[in-house]
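Taken from TrEMBL, the feature domain 'Ig-like' applies to 8-101, 118-208, 225-329.
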Amino acid sequence: MADHDFAPSFTQKPQLRQEDDGNRLVFECQLIAKPKPAIEWYRSEELLSQNSRTKFKIQNFGENKYFVVLELDDVIDTDAGLYKVKAKNRMGEVSASINLNFSQRVEKRERQIDGLAPTFIKKPSIQQENDGKRLIFECQIQADPKPQIRWSHNSKVIDNTPRHKFKVQNDGKLYCATLEVDNVSFEDSGKYKVTAKNELGESSATISLNFDSEEVPVPADGFKPAFTERPVTRQSDDGKNIIFECRCIGDPKPTYTWQVFYFSTLSSKYHEKNEITMSGRFASEVEEDQNHCYLIRFTIKDVKQLDRGVYSVLAKNKHGDSSAIINLNFDSSSKLVGPKVKATTGLFNLTGKLCTRVCPSGSTISEAAAEFADRHIQIETCGFERFY
């Protein structure tokens, strides 16, 4: 098995069997992933929760191999529907479905869709043409039946226009999906996401595009802010402070506002959003590291369990605004110590004009993680934007 981390992939799609004379149904599937994935089960798009009738299991049966189970006890007619299992780690996610039908004689039986849920064989890559004026995003997907392909840029779905062109070519069950962007300008930087979906499930992958040269045209009137990379978290050497970092572009220079939904361990709910005042334990700084490119840092000093919550930064100028979100969640109450630092991977350059980073994939919310010696901090990030 590979030493590097990788996104989940099904080695056995969901299957269904009966126990206790049909009073219990067991959904089973097998997958590989590194690190261990989080598992979610859905029925007709409704997220399922564990209760007296519904039980989840995930068992490790080899290196990076997992056996995933959903058990339904005391089966009733309303349990019929399309069941979907989603596996997700910081490298990406995958899902697969199985349809449960009951006969008119109320006998429990399943109808399984034959085929293959979409799986990325080749993650998105970028090529340049026409002296950098055209970009081509390309990825390869294995699926059966043919998947629907959707591209988005900074969380906004891309439409087929004279500047943006989609192509899908196939060789059997292997599909090559491309996105062409013509007349490239500075506002084309940011996060691109491609989603492939068919009746058996869906999968997605992302890639970030950053400009590192002033040769790329900038609109004369400026442009609205956009976050070009997913926020990251760092810890000070003494283990007392947490630093969030994110990168944003915009012209004119955006203003930045930080807000937080604090989490209550007593009620297990998030409080109303509060704007953070930059004083005391909180500090923010903005550095222009390239023309129209800004590095934003937010520091929480003497971090405590009470700092658990959902943090957001709003970047705004006259053209619009954009937000990035980080979910700070402590998995244990142990004392913070220095982090285990890992080198950044997936960074490459294109002819000195552009740099791109392949990012972990996800749906609405993408996950990343920062590992410390005796504490694990889970970071969830996403973004949205508005136009004026």
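Backbone N, Cα and C atoms are what each Cβ position is placed from, and that goes for glycine too.
Unlike curated records, TrEMBL annotations are generated automatically.
Taking H, G and I as helix, E and B as strand and the rest as coil, DSSP gives the domain 'Ig-like' (225-329) the counts 3 helix, 67 strand, 35 coil. Across the domain 'Ig-like' (8-101), DSSP classifies residues as 6 helix, 67 strand, 21 coil. Across the domain 'Ig-like' (118-208), DSSP classifies residues as 3 helix, 64 strand, 24 coil. Summarised as a single figure, the pLDDT of the domain 'Ig-like' (8-101) averages 89.
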